[in-house]
Amino acid sequence: MRESHFSYDAIFYCSTRYENFEMPKHGYEQMEEGTGAIGGGYADQVPESPMSYDDYERPPLRHIDKYVRAECPCFKTIRYTVALMTCLGFIISFGMRCNMGMAKLKSEVSVFNWTVGVESAVDSSFFWGYLVTQVPGGFLASKFPANQIFGTAIACSSFLNLLVPGATMLHPGFIIIVRMLQGLVEGVTYPACHGIWRFWAPPLERSRLATMAFSGSYAGVVIGMPMSGILSGWISWQAAFYFYGVMGMIWYTAWLWLAFEKPRSHPAITIQELKYIEKSLGETNPSPSMPTISSTPWMEFLRSMPVYAIIVANFCRSWNFYLLVLYQSAYLKHSFNFRIEETGMLGALPHLIMTIIVPFGGILADRLRKSGVLSTTNVRKLFNCGGFGLEGVFFLVVAHAKTATGAITALTIGVACSGFAISGYNVNHLDIAPRYASILMGLSNGIGTIAGLICPIAIDYITRDKPKECWSTVFTIAATVHLIGITFYGIFASGELQPWAEPVVEEKKVWTPTTAGLTKETTFNDPSQEISSTTKSVSYGAVEHVAGNPFAYPSTIAEEPVQPEPRDTYLHGGVDERTY
């Protein structure tokens, strides 16, 4: 045994030294070794021990990785690079949704000579497709790598965006088809995003990572409204569609380089960050079983009031969000006679403040949970009901505003306050059922998408004859919707892992023979007598009533730097003398 151990260690170390000697140092390989637990070079520059690589093997470097490290230069952790790229993907996705509204304002007389019925069909066509793929998107994110699902969806939607101007010039039916296809492919983005955080987000960083990614939805409106307005006003109404289509394809190229399904798949992640994420999640098995259609507890979903609380909150938020995305510019133009460029700039202001509030709210929510000041349930209710309540109050102010200054001020404050709600219902899936988070996100977002179908039709008919006077009714309805959401969520929401969300006993008994150090013995093939020399448990969630859960004991898992051992002091003739 000593001889075998010696040969493994010596061969491994000598081959590493030979690689370092032969390969020229360039790119990020010239970085200083051991610069920290997360930020420094590759993890093999700061090993814990020769055997520490057995359980943490990663894919070999790609050709590009030998020159440029696969991470964002402004972040020293891979998980925040993934969050930033996800945020940029949502920025492009939601920016594309602003293109049509601005194009109609620019060409509402000359080009888009549509009836109210046709206009409503065009506005809602995206959501018909978006609705269809929500729940299937959750299963796709469970069955296939969620990062690939997310990236492909944004790329396909960007390509379809390039086709919108041509389809518009042909016939309204063609644009309805193209926008419906856009909705179909984008319907998987939110479920896929939850599928990404299933493997990448440590429990006590869920709020900040998820809100950082989701803030792209609102930043997309911040950028999309003025950008679409400027491009439509200065160049032509088609320019915004082409701009976002090209930007989406460029983003997809960067996504393929930087995003991976899980930490173990990333060639550049450090050992320290990898161990921190996996230990925080309790995920020691590299290939845990994922839910299928048959294994998903559908009846438990239907009987769970916390699930309904998330669904109702998603519907209420979707109603008001799509109201602002689709009609905020029209409200400013018809009520206060702003020019199209001005509506884009002023309409983006509330979403700009919200974009700042969303990640700040995520950090604050995590701090409250980690400090123990409030339970996860109370944090979710406080942020969700507080955000919805304040937005509803300011919507009532907008409904009765007589001046442009008063309306814009109320809109800005109300929409900004609603950013806190994202740390409530939108992260709640990962609290109550992280194992089924992507499926639940697809379910709740799918039902929320119904608001995107109803809202354009309702508002088009409300404002059909009196586009200036009827906006008071529109914003009063929006405030009422939020009141309903506050009441339901405040009563039935929960932040605890639900009993039905835990894996069954058979799924916990995972045997991976290729995993180093794992042996499994049986007694006459009797499963009840199985003994594992190395415990490999799978933990899917985090709440206070589950023993050993990271949420219950936030201080037990810490991300600590590991100092390199002075291996050269043990070398003699290329052989590690410690093995003797």
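Here the Cβ of each residue, glycine as well, is placed from N, Cα and C on the backbone.
The transmembrane segment annotation in TrEMBL covers 78-96, 149-168, 209-235, 241-260, 307-328, 348-369, 381-401, 407-427, 439-459, 471-492. According to TrEMBL, the domain 'Major facilitator superfamily (MFS) profile' annotation covers 79-497. As annotated by TrEMBL, region 'Disordered' applies to 556-580. The annotation compositional bias 'Basic and acidic residues' is assigned in TrEMBL to 565-580.
Distant neighbours of the transmembrane segment (407-427): 206-207, 210-211, 214-215, 218, 309-310, 313-314, 317, 320, 324, 328, 332, 335-336, 346, 349-351, 353-358, 360-362, 364-365, 379-388, 390-395, 397-398, 401, 444, 489, 493; these residues of the same chain sit at least 6 beyond its ends, with a Cβ under 8 Å from one of its Cβ atoms. A mean pLDDT of 85 is what the model gives for the domain 'Major facilitator superfamily (MFS) profile' (79-497). Contact between the transmembrane segment (78-96) and the transmembrane segment (348-369) does not hold: fewer than three of their C-beta pairs are under 8 Å, each pair 6 or more apart in sequence. Comparing 209-235, 348-369, 471-492 for CB pairs under 8 angstroms to the transmembrane segment (381-401), the maximum falls on 471-492. Residues 305-306, 308-310, 312-313, 315-317, 319-320, 323, 327, 331, 334-335, 381, 384-385, 388-389, 391-393, 395-396, 398-400, 424-425, 458-459, 462-463 of the same chain sit 6 or more residues outside the transmembrane segment (471-492) yet have a Cβ under 8 Å from a Cβ within it. Tertiary proximity for the transmembrane segment (209-235) is limited to same-chain residues at least six positions away from its ends with a CB under 8 Å from its CB atoms, namely 79-80, 83-84, 86-99, 101-103, 105-106, 193-194, 196-197, 200-201, 243-244, 324-325, 328-329, 339-341, 343-345, 347-348, 351-352, 354-355, 358-359, 361-362, 419, 422-423, 426-427, 430.
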